[in-house]
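S.K.: After the structure tokens below, expect a handful of questions from me.
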Amino acid sequence: MKRCCEGVGLPCLFKGVGMASPRPPKYLLVFDFDETIVNENSDDSIVRAAPGQVLPEHIRQTFREGFYNEYMQRVLAYMGDQGVKMGDFKTVYENIPLSPGMPELLQFLSKNHELFEIVLISDANMFGIECKLRAAGFYSLFRKIFSNPSSFDKRGYLTLGPYHSHKCLDCPANMCKRKILTEYLAERAQEEVEFERVFYVGDGANDFCPSAALTSADVAFPRKGYPMHRMTQEMEKKQPGAFQAAVVPWESAAEVARYLQEVLKKKC
């Protein structure tokens, strides 16, 4: 992934007398949503809006590994049949708790928004993510949100679709986050925006795929004890040095904020 001025310190070279200050360094910060920004899997959370707050066994038995999006389409159809409406879903999404330290991290980013471009890549759904981020007051922080399309049909049912198709063998059929991130970086480069560093904050196995494509200039922040963290550890054991990005595990997102604060202190 190409970077501008990598290892050269070009922004410092042009601080001559009488010259305008250069644009501050630009970092790309990528967030996952479920069990990263919020402390739950939002797909599981919405079951609280179902009758008895449980799903029938015949629905749960239809789950197949790698096809969670299709499974959730059936879950949402069942909930629609049971009379669950937009307001019921909205209430659940808005009340999902943020992960430990996440308010501090997002507030830090709000104060330093000119230095970070922030995007969210999630295998949840657009409606749920927007509900939560608006309720928490951080929706405007994100330049772009990539998630599965969702909307309410004429019956009032919440419907869900796949994000895209891809050829990655390691990711769910409906979404490869590496493909999304790679295409986003290429699109921004065409717009003459190239990032000095990429920071990736996640937790799941589908966050490992894009983080494994990061360079040695970048940082992966896996949530401690979650699949992304375990997979980075396993890769380091099996193929030392193959995972190029620095790995900074976190239990509280405040640790991520402190790390980024140190990065800003070191910049020229």
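Note that Cβ sites are derived from N, Cα and C of the backbone, with glycine treated the same way.
Per TrEMBL, the feature Mg(2+) binding site maps to D32, D34, D203. As annotated by TrEMBL, active site, nucleophile applies to D32. Taken from TrEMBL, the feature active site, proton donor covers D34. Here TrEMBL flags D43, D123 as substrate binding site.
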S.K.: Given a separation of at least six residues and a C-beta threshold under 8 Å, show me what packs close to D34 (Mg(2+) binding site) in the same chain.
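M.R.: Listed in sequence order: E40, N41, S42, D43, S122, D123, A124, D203, G204.
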S.K.: Give me the long-range Cβ neighbours of D32 (Mg(2+) binding site): same chain, 6+ apart, Cβ under 8 Å, in sequence order.
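M.R.: Same-chain residues close to D32 (Mg(2+) binding site) (Cβ under 8 Å, separated by 6 or more) are L120, I121, S122, V201, G202, D203, G204, D207.
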S.K.: I need the least crowded one of these binding-site residues (D43, D123, D203), counting other C-beta atoms within 10 angstroms of each C-beta.
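M.R.: It is D43 that, of the binding-site residues D43, D123, D203, has the fewest other Cβ atoms within 10 Å.
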S.K.: Note the Cβ centroid of D32, D34, D203, the recorded Mg(2+) site, then list each other residue of that chain whose Cβ lies within 8 Å of it, in sequence.
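M.R.: Neighbours found: F33, E35, T36, I37, S122, G202, G204, D207, R223, Y226.
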